[in-house]
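Annotated features in TrEMBL:
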- 1-23: signal peptide (SIGNAL)
- GLY178, ASP292, THR296: Mg(2+) binding site (BINDING)
Amino acid sequence: MNKFKFAMILFLSLLLLIGCGKQKESDEMVNSNPYKRTEFLMGTVVTIKIYDKDKEAVLDKAFDRIELLASQITVNEDGSIVDEINENAGRNPVQVPEDIYRLVKAGKKYSGYSGGDFDITIGPLTNLWHIGFPDEKKPTQSEIDAVLPLINYTKIELNEEKQTVFLPEQGMMLDLGGIAKGFITDEVIKVLNDNKVESAIVDLGGNIYVKGTNPSGKPWEVGVQDPFSDRGEMVGKMEETNTSIVTSGIYERYLEVDGVKYHHILSPKNGYSVNNEVAGITIVSDKSFDGDGYSTTIFIKGIEEGLKAVEKMEGIEAIFVTKDKEVYLTSGLKGKFTLTNEKFKLANE
């Protein structure tokens, strides 16, 4: 098992769902023991739990949707639409399915919001480092300098009428890994809604969505894991319902060279791992796509600017965990998030 798979299993996410309490005896619509399925897809562990009775068949529909989208989005996969777009860079526009067009269009929007701190054309750089894969390496400065000019989301050409995506320069590459899990999570929730599932947990390795209430009829209790520990220790907890919780951290995936750790969150501006005070960030939102789209941007901004940015966003909240084990909350989570680990301290109560 390579380091990436091992890390993803240990850090299935920075969040763990805590027990959901006793089931109400009078409630005949939910199970205390859910229908559950787990698979390894898109380089991560995917788990769906459905608590509604007589809804086991919905698991197949949900995973069919995940597998279809994953095959189209993941690079180096048979049938990958993203591979086709990248291979045609500098040559031809590629007509894509409606789902992929929406994904790329939204990715360009999120890139624009970030001012290029997050950029879905970062593919040449992530491919160069390839952190988490057997051929991972620290590239030379000249190699980095050669690919940085290829990273520019503003050059993506979209044709709404023809539903085409075109990268105008040879060597440009899309990397949708920063937003794909959020997009797919939301698509799974659509499947659950269409099949009238009311109580469920969807976990795409760092992207968690808690749907409805738990079997006891109460909000789900969600724990934020200590990003420095692989033993399931918590930083704190909060109660949520019909909510997406997306996490990102520097210890999920990294390459160590000469005692220096280079994590997978790369800056498209200088070509290296982002280096600031943040160890992990949790985005709480209605849509998992938003959690993905904004998490890297907010991570890169750091504590002060990141807090300011989130406070201006409607329906978005965030938890920052620093390398010094301080926890910062946006205003909507104050009084809602409970610190449970004495190794950490709330820095902005």
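Including glycine, each Cβ sits where the backbone N, Cα and C put it.
Cβ contacts within 10 Å of THR296 (Mg(2+) binding site), excluding its own Cβ and spanning all protein chains shown: 23. Per-site Cβ counts within 10 Å over the binding-site residues GLY178, ASP292 peak at ASP292. Sitting within 8 Å of the Cβ centre of GLY178, ASP292, THR296, and not among those site residues for Mg(2+), are the Cβ atoms of TYR110, PHE118, GLY177, ILE179, GLY182, SER248, GLY293, TYR294, SER295, THR297.
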